[in-house]
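As structure tokens, the structure follows; a few thoughts come after it.
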Amino acid sequence: MTDLTRVTAAALAELLSTREVSSVEATRAHLDRIEAVDTDLHAFLHIDSDGALKRASEIDQLRADGHEVGPLAGVPVAVKDVLCTIGMPSTAGSKILEGWMPPYDATVVARMRSANLVLLGKTNMDEFAMGSSTEYSAYGPTRNPWDRERTPGGSGGGSAAAVGAFEAPFALGSDTGGSIRQPAAFTGTVGVKPTYGGVSRYGAIALASSLDQVGPVSRTVLDAALLHDVIGGHDPHDATSLTDFWPSFAAAAREGAEAPSLKGVRIGVIKELGGDGFQKGVNDRFTEALALAEAAGAEIVEVSAPHFEYGIAAYYLILPAEASSNLAKFDSVRFGLRVTPEGGGTVEQVMSATREAGFGPEVKRRVILGTYALSAGYYDAYYGSAQKVRTLIQRDFAAAFDRVDVLVSPSAPTTAFTFGEKTDDPLSMYLNDITTIPANLAGIPGMSLPMGLAAEDGLPTGLQIMAPAREDVRLYRIGAAFEALFAQQWGGSLLDQLPTMAGMGAERATVGAPAPAPASVLPVHGAPEPGFGTEPDGGTR
Amino acid sequence: MATAHGSAELMDFDEVFETYEPVLGFEVHVELSTKTKMFSAAPNEFGSAPNTNIAPVDLGLPGSLPTVNETAVRYSISLGLALGCQIAKSSRFARKNYFYPDLGKNYQISQFDEPIAFEGSVEVELEDGTTVTVPIERAHMEEDAGKLTHMGGSTGRIQGAEYSLVDYNRAGVPLVEIVTKPIYGAEKRAPEIAKAYVATIRDIVRSLGISEARMERGNLRCDANVSLRPRSKAGEEPAPLGTRTETKNVNSLRSVERAVRYEIQRQAAILAKGGTITQETRHWHEDTGTTSAGRPKSDADDYRYFPEPDLLPVVPSAELINELRAALPESPAIFRRRLQADYGFTDSEFRDILNANILVEMEETVKAGASPAQARKWWLGEILRIANAQGVEPGTLVTPFNVSELIALVESGQLTDRLARQVLEGVVAGEGSPDEVVKARGLAVVSDDTALIAAIDTALESQPDVLAKIRDGKVQAAGAVIGAVMKAMKGQADAARVRELVLERSSKL
Amino acid sequence: MPEQQVISAEQVQHLAGLARIALTPDEIQHLAVELGTIVDNIRKVSEVATADVPATSHPIPLTNVFRPDVVGEVLTNEQALSGAPESADGRFKVSAILGEEQ
């Protein structure tokens, strides 16, 4: 029988709709997989086995009764712990919210429930999404399924690892400066940060309100699109939510995969995001990806974004400033932790003791930094200037998009780094976000998809594609085309090469990258194998 | 500290002005009477059970987001226009960051560098009819905080409390804060100007229908800034402004007047002794008529304002501004002059109405059909008496429409004045409209002559001596019979009609 | 590195007060050094932020996003208090607001 954890969400939905499998079976398969690997991986902070199985059985019943249940009905999904969920604790990876049960659902969660998806549980993250490695989770780090000595990236390392390790077909993440895309790159999965305002932020525990965006994490571009179709669209609860009509992203992904051609597509390569300072294996894969695109008919154009070098600086002013204010609500009065100093104290002292005990080191660092950036006498030089840099970066993007349809770069300068490698040096951790931050500052959509393994360490690399604001559909069409071209080249999906997890049998099967053929002999013009990238891959090799 | 108050040394009020000149400034907070809160769809309602008018954002729940109430924005623009302000082409919200347990998010959504309205002025009429112009710096939109109740300790005050309880029902109620520019030249009339200014703001917001403006409920709150500077001699440059204090918690017109007077006297006494004024917040104590030191203003007041990233700029269109401008009611001063002329009241008759703060009620009552004289009689009479006894504003007791109904019932002879007072009592007690109270309490005048004649006949027959006197033309003797009849009718008869009938029956029996 | 003291320990202490975090002396020392390095690297934003460049506070510009003044869903008192560390009489309970020495 098909291993139900190995199929894509789209394929699983198909099996469910034809009643070849039940949602209970699909859900149980994923719960079994979680049980087998998650003690080691720690992708989940909360697993709602009973709730998931109960809901799965209800959905099976609805289907049996002939109700219209929706295209993704019965498919399991994992949810980043930054999102409010009724019935499941929502902690944002922080001790200060340990055990907090929200009295309301985030809009995206409510939409997934209405679409009859089955919520498996909540995934691990850096505390309040502050971090790029999931090492700052107050509940312990998540391991990278590709190499357990390495981080899965962050902040959404939990969702990426869960999807990459087949614990869930897809998941939700949130992306403030790369928290969806960088973990996707580190785990060989797909992650999309939608246009700012394209997906509701209501019920997403805010890090930096003007940068945060919720988005899908998956193993294929189509699956991300299917989930994006469910969660996207206007929400009156979020004033920054766009009222645009959004086309079907799934249709765009299918169209892109169907005849994987990039004919006539102008692809811009941002000079500032690559080359020196990037890991050689990352640069090599990126160069090959460009060659592949060119061979598939794309026009490659080098563009310059002169202000990107100020992006990290602006980001690490805007984010801490907004976060220092957003995190003020954690004060021990209405929810969450309360720590009373020995011998009691005034409410001020209780608040201060609670925040000292409840926040981890990175949160304190950024809250103090943000308080500094906003404080009297510094506002203009720091926060005010950072917002001007934001304008300059938007102008850089506007100029680039005048010449090209999409922009590409490596999703991250390196492959997954090891635990502790960057925690002692916050600045080096921050610098890792150089590729992903500009999209958040400008509000434009970005996607990361697997681009092959780096030769030197055999770890996944990611290709980032960025489109103009509101043109998310372009990401899905072009991303799906890239995905299909890669699949042709590799003879399957990158995750086929995932080393077997502990307790699941064999040792790591392949070391290093699949030897990519030279660009010149790539079979780019051949007809794609039917369904590549969208169909079950048949499980273990 | 801060527990002792009332012991400060004061300088004689008149003496102050020989040496010092007061400079005033006011921050008036107006709670808007919208159906929902400024940033959430929870009800904006007074008097509900604690923590029941609550949406996630009112508690600052993680993940919650604010959304702007359109009506509150319209009200704010109308108020800005009524204050003679310019309306901003683009206005935005900002976060004012400070920790306090009545603030669910530990920041208040307010406005900072781009308020909705700015640069206006208000004409304030004093009791003797002179007019003072108060310059307005800005009016901006913000949200109210929750309500703290201090428990334990003896006073119920914050000092000495063991713990506090927080109710967030009021958190997020829409406010407009109106900030004046410094007011110079008030001199000895400073306390009176303070009171008249707040009364004018109250009249404006009530005439706009955007706030109930009930100071006792905190719908309208005044923070009074007072500073003194040395009087400059003729030809000299004016002295720089003195250090100011901000007196909070001033919750009646009378208190505004008293608090300003007190601060002027207190500060003068300190300065006269060579002391310095501490820049601080002071709390007004209604019971002792004094202020006490609150929090000192210091560098701790670093509010770290920044543009609210969860909300978008408000850009009022010219059409909207024109629409709201066209809908503005006349200014309270013009309104007052017009009403006095329409009603034909003398200055002193009209002054009573203004002092009792029932002008709007008067107007509504007359609009509903009552004569100005009758409306004045009821509002200044029985209603004001009950209001004074209960320590509330007359307008809070009964609606103008109900008063006009009551007057109509009296004029049609269905109620006597005495019965009408009982009906009013029922209406004030919440028993319903005058008609409903009449029915429920069975208070209608017995207008059925048959019942009256029966009662009269019984009375006359039981008092043959009186009957004889009446027949002899001693009409005043009828009083005894009338009294007996009224008693038999439990007062529910028209005495004049009873008298008529007594005389009529006397001749027939 | 004499000019390394971009942010002093006293400053960190003050900021921690504003942010209501009871940092330990060790944390304060450590943060003063770390924040100094970070601020050194991020202050470059002012190099290009000239007066003629407008600030961007929202990545996608929108205006006049309003909600009609209609009552919507509210939390019950139980829901409102469900996460409270302490409550009494339908309200949230906190310890005394003023210290005795204030």
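Cβ from N, Cα, C; glycine included.
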A:122-151, A:512-541 - the range that TrEMBL marks as region 'Disordered': A:512-541
Separation of alpha carbons, A:Ser179 (active site, acyl-ester intermediate) and A:Ser155 (active site, charge relay system) (Å): 5
Rounded Cα separation (Å) that holds between A:Ser179 (active site, acyl-ester intermediate) and A:Lys80 (active site, charge relay system): 11
CB contacts for A:Lys80 (active site, charge relay system) [other CB atoms within 10 A, all chains]: 33
Cβ neighbours of A:Ser179 (active site, acyl-ester intermediate) where a neighbour is any other Cβ within 10 Å: 37
